[in-house]
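J.: TrEMBL lists these features:
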- 1-52: region 'Disordered' (REGION)
- 61-82: transmembrane segment (TRANSMEM)
- 72-473: domain 'Amino acid transporter transmembrane' (DOMAIN)
- 102-126: transmembrane segment (TRANSMEM)
- 157-179: transmembrane segment (TRANSMEM)
- 191-210: transmembrane segment (TRANSMEM)
- 222-244: transmembrane segment (TRANSMEM)
- 270-290: transmembrane segment (TRANSMEM)
- 302-323: transmembrane segment (TRANSMEM)
- 343-367: transmembrane segment (TRANSMEM)
- 387-408: transmembrane segment (TRANSMEM)
- 414-443: transmembrane segment (TRANSMEM)
- 455-477: transmembrane segment (TRANSMEM)
Amino acid sequence: MQASGQSKETGDCRGSARSAAPYADGPVPSGANGDRKGKDNGTTGTPEEQPAAKKGFLTRVGLLMTTLIPPGGVIASAFNLASTSIGAGIFGLPSATNNSGLIVGLLYLALITFLTIYSVHCLVLVGERIGVFTYEGVTRALLGPAAAHTLAVIRAFFGFSCCVAYVICVHDIIAATMLNVDAPKFLKQKSGVRLLTFLMWLFFMLPLVIPKQIDTLRHVSAFAVVFMVYVVGVVIAHSCTHGLPENVKSIRLTNEEDASVVLFNNGNRAIQGLGVIMFAYVCQVTAYEIYYDMTNRSVYKFTVATSLGMLMACAMYVLTSVFGYLDFGSKVTGSVLLLYDPIAVPAMMVAYVGVLVLMFVSFAILLIPSRNALYSIVDWDPEALPFWKRCCSVVFLAGLALVCGLFIPGVNTVFGFAGSLSGGLLGFIFPALIMMYGGGFAWDKVGPYHYITTYGLLICGVVVVVFGTGATIWSAAVQ
């Protein structure tokens, strides 16, 4: 995206990156070579400083939000990182837990939470040291242009996969709703549900990808996380009043015929849920953008923000995995959205409407970075691109996402592929390599903790890519 603008930095970064180890204790000071000063977003003024005519309801709400969550602060960054992770992937976690087993699924969540925090720490630590604040720019500076182009392709694939997953989630919500309402028979069939999904895409999703930029992530991130808390609460309440009391009676250690809930699974099924869980944690794609927007940024503050954001995500993932699995047991084999009756449960209908809105916005937020990553591969400047050419490119990508979303059999297939390939590479392998090539990576310089954890991050990334992708292919072939 901005790789072409980093050519001058690249030449300077190689020497400075290798001359000193960026792993000293404490935050790395700003002002490193090529550093860009962070934006001071906290200068909106107090209510007394603003004209009385502008003190309407929305202004007061905005001032309140600015006071509670200051732009560029640790809390705002934590919400941005959490909202980047928490999305459609949360609805595939009960199925992933069913595949892996309840205990194994929880172990996956705990391990990936820790490794995600550490991988983001690696990215901003090296980026701050060499003074480059884009994923492609850091990769180009340390690993070369070929690696930067590879990263751009992977980012484009991940963004596109997310858009496909959002289309499938919209399809699942419509299918679950139409199944329980008095509607024409055609609308309850696959072709009718696909028609309604197409109309949703045409009127609510496609228009949002036409603009050159959509700067909504900062404004909706807190709402997105808070609303997903509501959705998780509805999942817990539904589980306690429906399937949980019965399913807890048939919990088994391993997979048995009469088991509704399994604690440990084995074979390919145990690995099959790994890609889905990994998909739910990929926040590295926006880490540099969020870090650059911090006020008085430092590696330490951003690591704290990442820890808060990922712990929020982990808490919601654990609750959704446990209660969603205990609610439906072995019947949950895809998106949990398909198993609820929103007509009979009004609270779930409210949740479905909110999820639809989030899917519409997230579709645009993730399609535009995917589009820009493809632009960087063919050396197109997004700012100078003619309107008609931009429209053609985004309509083609959005249309391709729609077609894939309508005909791919299940959302977990998308989660598995995107999580295993993109998540393993973007989330674990590239951050580990950036840490290793960031300069002075030796046992006596970085210490045993960084040395062992970085290699563990790299090995886990390889395991996710190889075994996670293989298990997803096996699952798709069996189905």
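Cβ atoms here come from the backbone N, Cα and C positions, even for glycine.
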J.: Of the stretches 102-126, 270-290, 343-367, 387-408, which racks up the most C-beta pairs under 8 Å with the transmembrane segment (414-443)?
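T.: Answer is 270-290, with the largest number of Cβ pairs below 8 Å.
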J.: Quick check: do the transmembrane segment (157-179) and the transmembrane segment (102-126) share at least 3 Cβ pairs under 8 Å, counting only pairs 6+ apart in sequence?
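T.: Counting Cβ pairs under 8 Å, fewer than 3, so no.
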J.: Who are the chain neighbours of the transmembrane segment (270-290) in space, where the CB to CB distance is under 8 Å and they lie at least 6 residues beyond its ends?
T.: 77, 80-82, 84-87, 89-90, 92-93, 95-101, 104-105, 108-109, 112-113, 116, 119-120, 123-124, 127, 133-135, 138, 155, 158-159, 165, 217, 264, 302, 306, 309-310, 313, 317, 369, 412, 415-420, 422-424, 426-427, 430-431, 464, 467-472, 474-475
J.: At an 8 Å Cβ cut-off, counting only pairs 6 or more apart in sequence, do the transmembrane segment (455-477) and the transmembrane segment (102-126) clear the bar of 3 or more pairs?
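T.: These two segments touch.
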J.: Take the C-beta pairs under 8 A between the transmembrane segment (102-126) and each of 222-244, 302-323, 343-367, 387-408. Which stretch has the highest count?
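T.: Ranked by Cβ pairs under 8 Å, first place goes to 302-323.
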J.: Do at least three CB pairs under 8 A connect the transmembrane segment (302-323) and the transmembrane segment (222-244), leaving out pairs fewer than 6 apart in sequence?
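T.: By the criterion, they touch.
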J.: For the transmembrane segment (387-408), I need the partner stretch with the highest count of C-beta pairs below 8 angstroms, choosing only from 191-210, 302-323, 343-367.
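T.: Selected stretch: 191-210, with the most Cβ pairs under 8 Å.
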J.: What else in the chain is close to the transmembrane segment (302-323), if you only count residues 6 or more beyond its ends and a Cβ gap under 8 Å?
T.: 74-75, 77-82, 85-86, 90-91, 93-94, 96-97, 102, 105-106, 109-110, 113, 116-117, 120-121, 124, 225, 228-229, 232, 235-236, 239-240, 244, 277, 280-281, 283, 287, 290-291, 294, 336
